[in-house]
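Q: Quick paste of what TrEMBL says about this protein:
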type: BINDING; residues: Cys13, Cys16, His17; note: heme c 1 binding site
type: BINDING; residues: Cys159, Cys162, His163; note: heme c 2 binding site
type: DOMAIN; residues: 144-296; note: domain 'Cytochrome c'
Amino acid sequence: MSTEPWAYQTLACSSCHDPSKAFAQDVAVPTVYGQRTGTRNVPSLQDLPHFTHFFWDGREERLDQAAVAAFTNQAEMAQPDMSAVIRAVSQKPDYRIRFKAAFGNEHVDQERISSSILAYLASVTTGRSRYDAFVAGNTAALTTAERRGLDVFRGKAECSSCHALEGAPAAFTDNQFHHSNVGMDRMAGQVGTTIESFKTKREQGVPVAALVLSDPDIAALGRFAISGQGNDLAAYRTPTLRNVTRTPPYMHDGSVRSLEEAIQREIYYRSLARGAPISLTAAEQQDLHAFLYALEDLPNDTR
């Protein structure tokens, strides 16, 4: 995880994806190039090879493309093009040494930069939590409250219908797009205007990524900005819950400050979506909250 600054010597990958914060950030949205405020909460980089779509709106389906997208996005690291990135890497003696060790010579191109980042991302894994130990057979790994919380998670609260428990280790995501009703107040009364503005700018050749990361109204369109399908309006990719206790604030816009509030919101809006209430007692909510702490990797591997 390079700490080398790229956006005119102000931003590095780890500026937003902090290894000490589960490769995310502890602010609602990041400060990007030019000291501007971003539009979306920084997603974690953990377990990315297990995902089928990348970014909150799933605008990339190939990890090798997603890995280099931030370099040239003018709302992120603001390099003019990949040629500028290649030149910058080529001018670093320590990088040339590492490229020669990895590839046999010092030649730098986009494919090698991308594959280097992918190799690193493949090492950013989870699966070392007390929950994983419990699943592997160590019944003492979870407290009584955490075991009750797991029962609520996969039962009464229906959390696992989106935050899937299948797999070893479990990904805690279904890789699908869902509505959370977060940020909908921003769209009230102006959805049509925002969509028309978005379409006009796209016709002018402005990349989707540049639009969603610089305009909060367009960012609020969610998956719709990619698919153009009405049922994708304000839908976002299900995030993993691995190390979720280390990545507040929550939701795609970072508007939910605490895990307790996130749990309450999910219960309320899932109840609306299913047309029937999910009635959790205060004790059950506390147990669910306790269980989420069992998803922390131990020890905290910051690489």
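Cβ atoms here come from the backbone N, Cα and C positions, even for glycine.
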Q: Per DSSP, Cys13 (heme c 1 binding site) is which: helix, strand or coil?
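A: In the DSSP reduction, Cys13 (heme c 1 binding site) maps to helix.
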Q: Looking at the domain 'Cytochrome c' (144-296) alone, can you tell me the average pLDDT?
A: 94
Q: Rounded to a whole number, how many Å is the Cα of Cys16 (heme c 1 binding site) away from the Cα of Cys162 (heme c 2 binding site)?
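A: Distance between the two Cα atoms comes out at 26 Å.
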Q: Compare the Cα of His17 (heme c 1 binding site) against each of the binding-site residues Cys159, Cys162, His163 and report the nearest.
A: His163
Q: Give me the Cα-Cα distance between Cys159 (heme c 2 binding site) and Cys13 (heme c 1 binding site), rounded to a whole Å.
A: 31
Q: Mind giving me a neighbour count for Cys13 (heme c 1 binding site)? Other Cβ atoms within 10 Å of its Cβ, every protein chain shown.
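A: Total other Cβ atoms inside 10 Å, all chains included: 22.
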Q: Could you give the Cα-Cα distance between Cys162 (heme c 2 binding site) and Cys13 (heme c 1 binding site), in whole Å?
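A: Just about 29 Å between their Cα atoms.
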Q: DSSP secondary structure for Cys162 (heme c 2 binding site), reduced to helix/strand/coil, please.
A: coil
Q: Look at each of the binding-site residues, Cys16, Cys159, Cys162, and point out the one with the fewest other Cβ atoms around it within 10 Å.
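A: Ranked by other Cβ atoms within 10 Å, the binding-site residues Cys16, Cys159, Cys162 bottom out at Cys162.
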Q: Distance between Cys13 (heme c 1 binding site) and His163 (heme c 2 binding site) at the Cα atoms, whole Å?
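A: Approximately 27 Å lies between the Cα of Cys13 (heme c 1 binding site) and that of His163 (heme c 2 binding site).
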Q: Looking only at Cβ atoms, how many others are within 10 Å of the one on His17 (heme c 1 binding site)?
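A: Around the Cβ of His17 (heme c 1 binding site), 22 other Cβ atoms lie within 10 Å.
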